[in-house]
């Protein structure tokens, strides 16, 4: 019987299935960070248990770490306590951790693939919703809650029911000036933030195959913003080449065996999905969100929508609230919206290709006078090192951008990098909810190139014609 990629990954990890469909699923890789792990470790200790498989765990502090003056430590006492607690728990149980000043430290969803700790065919979980990122590598990856973190530590399994399957097929050559971020924002604009609810999404088609592995990670990262718990892409030669020489990747005969298995990780011809969405890449343009949800998104050459034209009462009310929070007026051209801050980073867009794309735009230019701060935050110490080797840091610094240490940074207001009330930010992150980047902060989601262009122009511009 023909199987989808999701079917194959799921079936390979079912340990036991109950009559109601509840399955015990084996977990291959468990990624830990400082925010959702303390209570899980505490529960483990109170029950007198040890981690079932220590080597399956990999930890890193990312949410709370400072991106400036790191040698001075963490100023906020709660943030410092969470990081110290992770350090202590990993030392206690012998779990590998990349500590704050380790070159390998970074955002958990960047360092997992970077190290080869995430591999095709794995089940990968983390106490973070954007774990879906790892599905770009042909893995079944999803976020879990703190109680589930404890359960995985103790048993290396989870109890759950299989989701429905959805295929989002994107065909055609990606237009000039458009990136993986524009692809996924365009998709969310079509299906909405609830479109994938209850489904595991496989992204497929010639456009997806044409993306780099890092671009595919950007797409799968935001599967959760489309309502799905997990997103995935079939394995191909790009995937396999990505893992050659990674520290945690198999070597020798084991590599050959692994590659043989990895090449089976695709949906079979004739496999049936519960829902199929077809997207024409020719319709994609550089995207900008205008509201307080990722589905409130438009092409950069569009205008802020007018709620009076919306017939649905609930949607109209949501639009009115979003416009009030964002301080925008209906029918305003998106290119007329000025920005106060620019953030290039996050688990969505902080990899080396993202920084290269932003640097191409920033080269030889200057951040606009009305932009109070433009910051670039690499996704890991190794990404930062590579960028500096290529001279990208100098391009950004000479243009007036701040060059920071790796971490989650301004993606969320859990560290020193945050917006002040009323500040408007062009951000390469994944969520534009009210207060996401700081109380009263106004977030517009864009690609790295679009963010860099906004920093230089002082307002949103169409990167396709920006000079």
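Using the three backbone atoms N, Cα and C, a Cβ is placed for every residue, glycine included.
The annotation [4Fe-4S] cluster binding site is assigned in Swiss-Prot to 347, 408, 411. In three-state terms derived from DSSP, residue 411 ([4Fe-4S] cluster binding site) belongs to a helical segment.
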Under 8 Å by Cβ from residue 411 ([4Fe-4S] cluster binding site), same chain, sequence gap 6 or more: 343, 345, 346, 347, 348, 427, 429, 430, 431, 436, 437
Residue 347 ([4Fe-4S] cluster binding site) CB neighbourhood, other CB atoms within 10 A: 27
Packing count at residue 408 ([4Fe-4S] cluster binding site) (other Cβ atoms within 10 Å of its Cβ): 29
Residues flanking the [4Fe-4S] cluster site, with Cβ no more than 8 Å from the Cβ centroid of 347, 408, 411 and excluding those residues themselves: 62, 63, 107, 109, 130, 345, 346, 348, 350, 407, 409, 412, 429, 430
